[in-house]
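Listed in TrEMBL:
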{"type": "DOMAIN", "residues": "94-146", "note": "domain 'G-protein coupled receptors family 3 profile'"}
{"type": "REGION", "residues": "334-363", "note": "region 'Disordered'"}
{"type": "SIGNAL", "residues": "1-19", "note": "signal peptide"}
{"type": "TRANSMEM", "residues": "58-77", "note": "transmembrane segment"}
{"type": "TRANSMEM", "residues": "89-111", "note": "transmembrane segment"}
{"type": "TRANSMEM", "residues": "123-143", "note": "transmembrane segment"}
{"type": "TRANSMEM", "residues": "155-176", "note": "transmembrane segment"}
{"type": "TRANSMEM", "residues": "196-218", "note": "transmembrane segment"}
{"type": "TRANSMEM", "residues": "230-252", "note": "transmembrane segment"}
{"type": "TRANSMEM", "residues": "267-285", "note": "transmembrane segment"}
Amino acid sequence: MAFFPVLLLLLSVVQRGSSQDPDEDTLAVPRGCGWGLVRPYTLLCDLDSVWGVAVESAAAGGALAAILLGLIILCRLHHVSEAEKRSGVGPILLLLLGILGLFGLSFAYLIERDEQLCLLRRALWGLLFALCFSCLLVQGVRLRRLGSERRSPGGCTLTGLALGLSAVQGIIAAEWLLLTVLREGRAACQYLPLDFSLACSYVLALLLAALGAASFALCGKTRQWRCNAVWLLSACLLSLLLWVAWVGFYLYGNAWLGRSPDWDDPALAIALVAQGWLLLLFHAVPEAHSCLCSPPQPSAPDYFDTSQAPSRMRETSFDEDIPLSHRQFPENQGYGFDENTAGLRSAGHHNGNTAPRPSAPFRSNVYQPTEMTMILNGGAVPSAPPTYTGRQLW
């Protein structure tokens, strides 16, 4: 915000240098223009027309936020290693460029009309909106591919597609200007609001296509990208509501209130700033966060932490992993156990001791690897040593 006083000072110096009657211009300075800013730039500082100051502040803050977000993405681009996330960086940067253009074009509605300014407004209005909505459309296509096929087109392909779609609106605007200004000889500032709205029909078609693509992306099989699809769908729905509101007010609201010529520029300027902030908050920021965040690292289980739940290795039955040659002994365990028990009992009777001698547990004859042995062997069950014959009972 610090560069705006400098900008106002430069504009005032240029205007004063080109003015032929300084006294008349000084008397025309409205309240709040302390820098001596004169017409046609008085809406930038006129406190009596507070909408100009509000639009200027909102547009300046949005432009600064878009520039900072773009710089953050460019600085952290080398940290994005996944191809699925890198494919969305190009459309995001292109969208930020379009958002910056929307905020910049709003300043053109804070200056009094002249022929060159009206040509700029009519040429860039639909083109900037088409650029933004084309980015939303290709993002919907990308999320649809990621949700169904788990792969996406490249970032350069998506960026080229968005530029190609927005170029159509540039051709429409150029033809409209050629037909009305050059062929019919009309002034660039003399056009009907209905003609201005009809020239943006292709932009509305792009918005509806982006809304459909976001709806299809929400029905994908992979849940990882559903959050991105929800943000995209929200941005498209809110943009559609905003367009219905400003078109209805621009065509019928001003005439119904009796403010048709005076409130045309404020309605268009507010629509530009509102659309820029909407795209910035509901799509650019969540999508940039999704692309730049690092994937969660799987945590290794701690086998020595007794507070944790028993690991899967303890619950797994190792009998299926033991070769058949090492499972021959447990198959005859019933006979061996009976013979050992009978021998222990007979030995107790021969020795004259009536108390039963504690017998060794049966599992002492089976090779049982410890958990530390399994960890050192990479989780595989080691086989018994060749010289292992089972511990002796006595």
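Every residue, even glycine, has its Cβ placed from backbone N, Cα and C.
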**Request:** Return the stretch with the most CB pairs under 8 A relative to the transmembrane segment (58-77), choosing among 155-176, 196-218, 230-252, 267-285.
**Result:** 267-285
**Prompt:** For the transmembrane segment (155-176), which partner among 196-218, 230-252, 267-285 gives the most CB pairs under 8 Å?
**Reply:** 196-218
**Same-chain residue ranges lying at least 6 outside the transmembrane segment (196-218) that approach it to Cβ under 8 Å** = 122, 125-126, 129-130, 133-134, 136-137, 139-141, 143-144, 147, 165, 168-169, 172-173, 176, 225-226, 228-230, 232-233, 236-237, 239-240, 243, 247, 250-251
**Asked** Counting each residue once, how many in the domain 'G-protein coupled receptors family 3 profile' (94-146) are helix, strand and coil under DSSP?
**Response** 49 helix, 0 strand, 4 coil
